[in-house]
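See below for the structure under consideration.
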Amino acid sequence: MEGYHKPDQQKLQALKDTANRLRISSIQATTAAGSGHPTSCCSAAEIMAVLFFHTMRYKSQDPRNPHNDRFVLSKGHAAPILYAVWAEAGFLPEAELLNLRKISSDLDGHPVPKQAFTDVATGSLGQGLGVACGMAYTGKYFDKASYRVYCLLGDGELSEGSVWEAMAFASIYKLDNLVAILDINRLGQSDPAPLQHQMDIYQKRCEAFGWHAVIVDGHSVEELCKAFGQAKHQPTAIIAKTFKGRGITGVEDKESWHGKPLPKNMAEQIIQEIYSQIQSKKKILATPPQEDAPSVDIANIRMPSLPSYKVGDKIATRKAYGQALAKLGHASDRIIALDGDTKNPTFSEIFKKEHPDRFIECYIAEQNMVSIAVGCATRNRTVPFCSTFAAFFTRAFDQIRMAAISESNINLCGSHCGVSIGEDGPSQMALENLAMFRSVPTSTVFYPSDGVVTEKAVELAANTKGICFIRTSRPENAIIYNNNEDFQVGQAKVVLKSKDDQVTVIGAGVTLHEALAAAELLKKEKINIRVLDPFTIKPLDRKLILDSARATKGRILTVEDHYYEGGIGEAVSSAVVGEPGITVTHLAVNRVPRSGKPAELLKMFGIDKDAIAQAVRGLITKA
């Protein structure tokens, strides 16, 4: 990349021809589909032609080769031109482009990873640059390889705050292997973009965030070649002045054409006009990459030893998480940790102390942190663990949702769950997160109740596909499991039982310990209860729950430091629905809480040992 060598006129003309073929393919595909975004594709035609057939280094028949340059189409609605690129490169049959958006085709309306050339799903705007930052960070600091990362954004999505979180991150970590291309085509979906073509303001904003920013004519292949050839020791933003619908007579730079395919007759005429400008049908071959990315194996990463806790000793699961993650970090140099400036209360600082080169401080930008993790995880380069207060993951729900669509393997640990955090009050209390994470299609939801099982959860999460969420607690609680206890995803544990149990009580985290304390109270009254630890709330151990319920006259009592909606109670109710003779009673937080001591709040909201004991008595009396 050092120095710029101007392409000769033949190469420049070939790039112009390529751009026009990409335009034609985008128009043909969207017209055949009867939907799509041809105007958004046409503004980016020269950008995509120069990127893929002059600048980028990749193996066209092996899109996910670890040595390849990376590309993220943040403006995912321009998917047809991405598909056209891979047809131009010879990876896709050109005829397949006409199956765009059909249920029988892999060419969805927006990019998805069932396409071999798509690392992450895009289409929810504002997220691509954060993912690209994760890829670039991995390339520079973990792989130490020469591959570069390119991200194409639309001007409409530059109103998203997450874009600027990513801009700040890239500057802080000097990601000079990252190039963002801003397709400034002036028009948004329903109105012009706020800055329209005020290119100097875009440039000043990028420069203020610590980027090298250059303005180019986005329809000049020569200017684009020069801009991409300028290596800088900082991230680069290429601010391309373009026109939406470029090349479409009567549509170019006109409002009200967003997301509208051209009618067939109009498309045929426009295609003839564009085709007449093409001088050669000869295609440009992709330039292969430098093969210097290390071989990586992230399969079957195991703890180097068993846990070393003593039954009865006390530790908060949030601290046990930090210790466990640091321990797992010794098993593989591909375990990485990310945090949102909460590394002291989440205890990820323990990992940072032991593995400083694999800790990424993302600061107070949780949306971007999740996107960074998704980027780091692409092509199976790392196993990322993100941590912050669980309440703050709620603002990143769209990123988490898109991570699932991206088939991403990331691990999220949320601490400070429920009213049991005490005096900090409701803004810090995660009371919705079980509902949130249970709703994600690829999720596994861990809810550890002591130090031993927290360590097991971390190990299992590292080896479980999809989005893993570990819900940790602030209070210190006793170790209840032996160090050699085996745990599996979807396998609950009976923590307390007798042959005379009358109610099955299911609690997790703090409330499991309250249930055990309630059992001691009830034992004095000659009332025995069975206490279950679900371990994973998703998937739930339906068989053990049903077996326990049938052994306790069909009575189940759930108790949780969470709102009623979407938590353990509703998960258990869903699992046993339709089973004859089984009833489920819920104890949960029923309103927005307040500050107070943990014990006071557990009592106020009816989820402490006394409330559990009272509910058990009521169930027995009712019978």
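Just so it is clear, glycine is given a Cβ too, placed from its N, Cα and C backbone atoms.
As recorded in Swiss-Prot, the features of this protein are as follows:
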type: ACT_SITE; residues: Glu366; note: active site, proton donor
type: BINDING; residues: His37, His258, Arg318, His416, Asp424, Arg474; note: substrate binding site
type: CROSSLNK; residues: Lys352; note: SUMO2 cross-link
type: MOD_RES; residues: Met1; note: N-acetylmethionine
type: MOD_RES; residues: Lys6; note: N6-acetyllysine
type: MOD_RES; residues: Lys11; note: N6-acetyllysine
type: MOD_RES; residues: Ser104; note: phosphoserine
type: MOD_RES; residues: Lys144; note: N6-acetyllysine
type: MOD_RES; residues: Lys204; note: N6-acetyllysine
type: MOD_RES; residues: Lys232; note: N6-acetyllysine
type: MOD_RES; residues: Lys241; note: N6-acetyllysine
type: MOD_RES; residues: Lys260; note: N6-acetyllysine
type: MOD_RES; residues: Thr287; note: phosphothreonine
type: MOD_RES; residues: Ser295; note: phosphoserine
type: MOD_RES; residues: Lys538; note: N6-acetyllysine
type: MOD_RES; residues: Lys603; note: N6-acetyllysine
type: SITE; residues: His37; note: site 'Important for catalytic activity'
type: SITE; residues: His258; note: site 'Important for catalytic activity'
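The separation of Lys352 (SUMO2 cross-link) from Arg318 (substrate binding site), Cα to Cα, is 15 Å.
For His416 (substrate binding site), the nearest neighbour among the recorded positions Lys6, Lys260, Thr287, Glu366, judged by Cα separation, is Glu366. For Lys260 (N6-acetyllysine), the same-chain residues 6+ apart in sequence whose C-beta sits under 8 angstroms from its C-beta are Pro38, Thr39. The C-beta environment of Lys241 (N6-acetyllysine), restricted to residues of the same chain at least 6 apart in sequence and closer than 8 Å, consists of Ile184, His197, Met199, Ile215, Val216, Asp217, Gly218. His416 (substrate binding site) carries neither a helix nor a strand DSSP state and counts as coil. DSSP assigns the residue listed as 'phosphothreonine' to a strand in the three-state reduction. Distance noted between the C-alpha atoms of Ser295 (phosphoserine) and His258 (substrate binding site) is 43 Å. Comment: substrate site residues His37, His258, Arg318, His416, Asp424, Arg474; largest CA to CA distance 49 Å, whole number. The recorded positions recorded for this entry are Glu366, Asp424, Arg474, and the Cα of Glu366 lies nearest to that of Lys6 (N6-acetyllysine). Ranking the recorded positions Lys6, His37, Lys144, Lys232, His258 by the number of CB atoms within 10 A of their own CB puts His37 at the top. Lys11 (N6-acetyllysine) has a Cβ environment of 16 other Cβ atoms inside 10 Å.
Among the recorded positions listed here, namely Lys11, Ser104, Lys144, Thr287, Lys352, Ser104 has its C-alpha nearest to that of His37 (substrate binding site). With the fewest other Cβ atoms inside 10 Å of its Cβ, the least crowded of the recorded positions Lys204, Arg318, Lys603 in this structure is Lys204.
Geometry remark: Lys144 (N6-acetyllysine) versus Glu366 (active site, proton donor), CA distance 26 Å.
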